[in-house]
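Asks: Structure below; questions to follow.
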Amino acid sequence: MTSHSSSEKDRVVIFDTTLRDGEQSPGATMTHEEKLEVAELLDQMGVDVIEAGFPIASEGDFQAVHEIAKRTRNAVVCGLARAAFKDIDRCAEAIKPASRKRIHTFLSTSPVHMKHKLQKEPHEVYEMVIAQVTRARNYTDDVEWSSEDGTRTEIDFLCRCVEAAIKAGATTINIPDTVGYTTPEEYYTLFKTVRERVPNSDQAVFSVHCHDDLGMAVANSLAGVRGGARQIECTINGIGERAGNTALEEVVMAMKVRSEVLPWWTGIDATMLTRASKLVSAVTSFPVQYNKAIVGRNAFAHESGIHQDGMLKNAQTYEIMTPESVGVKQTSLVMGKHSGRHAFVRKLEDLGYKLSANQLEDAFVRFKALADRKKQVQDEDIEALVDEEIATAHDRIKVLSLTVIAGTMGPQTATLTLDIEGKHVTTQSVGNGPVDAIFNAIHSLVPHEAKLELYQVQAVTEGTDAQAEVSVRLSENGRSFTAKAADPDTLVASAKAYLGALNKLTSKRGKTAVAEPRIHPQHAG
Ligand SMILES: CC(=O)SCCNC(=O)CCNC(=O)[C@H](O)C(C)(C)COP(=O)(O)OP(=O)(O)OC[C@H]1O[C@@H](n2cnc3c(N)ncnc32)[C@H](O)[C@@H]1OP(=O)(O)O
Ligand SMILES: CC(C)C(=O)C(=O)O
């Protein structure tokens, strides 16, 4: 990571359009209050221009832009308007209270849009650009003009329109890739060409506005900046029309992290990126994909043993930016089937365990077995597993295998093999339900007089693949012994918990009664 150049010519204006283009994502509509909350956060995080809405679109949009204009302290508040006087007048009214205000007016310039959508000749479009920018300048000195579908516009016509817009008073010229069609090399050349060919181009700031239809919005935006643009239009989480817009968090961090090859900088406080992402996701109900760059929940999470080992030795082995730099508390080492011993030991230390080498090896083997069966192994799973490992380390009786037939057909039957002080014994028992069948089988292999006082099941974590934690209490001669066991299979956990209690009981007695190895198809306890 290198620090950015602080030269003003390399400063890139961040124009956030989460509340306008972002809200155009089908299903992303935000309430008035939610828009105010998002705008406030954008202002706090250093966004230069907030495109707060499209005031002519609805009374609600007008009111939101108006209120944001009243409340925003630092950023320029901008509203969108078509090339129509009524749009521009309504927009001007909406942004009026802002201390810094911008009118953003746009008009399509590509042959396909002019012919089919606007149904206008190029000369009419040209005249509209001049008339609308002039109209907007009556209200504010800060006027942006966009050549909608700019990347599919004939270059000569585009240059003429850009020149006319600047002459009429536009201070920002946006050349959008409205349909996400361009490539980095093309977009770079477009900006370079337009800036070289338009005689008054130095009187305006050029701007990129990219869509992600081919997944190139961020790369295209940065290429446009390389071509001379100094404003990036973008949204939090990349939301926006169709496949979305350039993701604010991605362009900002690309320039920060790779400043030696992307030598531009912004005024964004990157430590607020995660908060902004969460807020926008919450108010739009658009989940952030897990592997999303910068703000996805896996962006700073590692599950593979080799990566986790590297991270524990030096975070730079697998992270190109710190989680703190984008507002994430810390890297997470997620325990799963790909994890190795280094990460497992660290996790145990974090959970407060200190195991002997043998216990550790046993616990690791059991952890791997659990991870193979369960999508996510949570801290609680590991705690349950290690607690059991410690509690059962000296057990005389252990479950070797268990097969249960359950369901409507009955009889519920348990076939159980135990290791009793090194001796393997098997039996089969039926019962009034699968748990009863298992307990009968145990009773058959380890005869005892203890009474079952408690049998309780609860989930260790959430989800259908959660481990079941079973508690069993047995009592004999006025003394009670309780044990717990966890397993993704409730019936296995039940057998282990029962045996846990029995182990405690028999160790107090000092000896374990063992029945002869046998098969008991009819045994009912
Ligand atoms: C690329 C972009 O993201 S552009 C922004 C897109 N965002 C939106 O459209 C969201 C808000 N839009 C709306 O609420 C409505 O579309 C409104 C209020 C703007 C207009 O609604 P309506 O008057 O019912 O028109 P409708 O949306 O059906 O059609 C759009 C009209 O605007 C015209 N138009 C489109 N772009 C422009 C423009 N930049 N300047 C002038 N007119 C335009 C179309 O040619 C069409 O005109 P027509 O009625 O003469 O055929
Ligand atoms: C209004 C313009 C800037 C736009 O959203 C687009 O072209 O995608």
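Any Cβ shown, glycine's included, is placed from N, Cα and C.
Below are the features I grabbed from TrEMBL:
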- Asp21, His209, His211, Asn245: Mn(2+) binding site (BINDING)
- 12-274: domain 'Pyruvate carboxyltransferase' (DOMAIN)
- 398-525: region 'Regulatory domain' (REGION)
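Burial and contacts for the listed features, if you can.
Replies: The number of other CB atoms found within 10 A of the CB of His209 (Mn(2+) binding site), across every protein chain shown, is 28.
Applying DSSP to the region 'Regulatory domain' (398-525) sorts its residues as follows: 32 helix, 54 strand, 42 coil.
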Asks: Need one number: mean pLDDT over the domain 'Pyruvate carboxyltransferase' (12-274).
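Replies: The predicted confidence over the domain 'Pyruvate carboxyltransferase' (12-274), as a mean pLDDT, is 98.
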Asks: Same-chain residues six or more away whose CB lies under 8 A from the CB of Asp21 (Mn(2+) binding site)?
Replies: Glu51, His209, Glu233, Thr235, Gly240, Glu241, Asn245
Asks: Using the recorded Mn(2+) site (Asp21, His209, His211, Asn245) as reference, state which further residues of the same chain have their Cβ within 8 Å of the centre of those residues' Cβ atoms, listed in sequence order.
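Replies: Going along the sequence, the neighbours come out as Thr17, Pro176, Thr178, Cys210, Ala217, Glu233, Cys234, Thr235, Gly240, Glu241, Gly244, Thr246.
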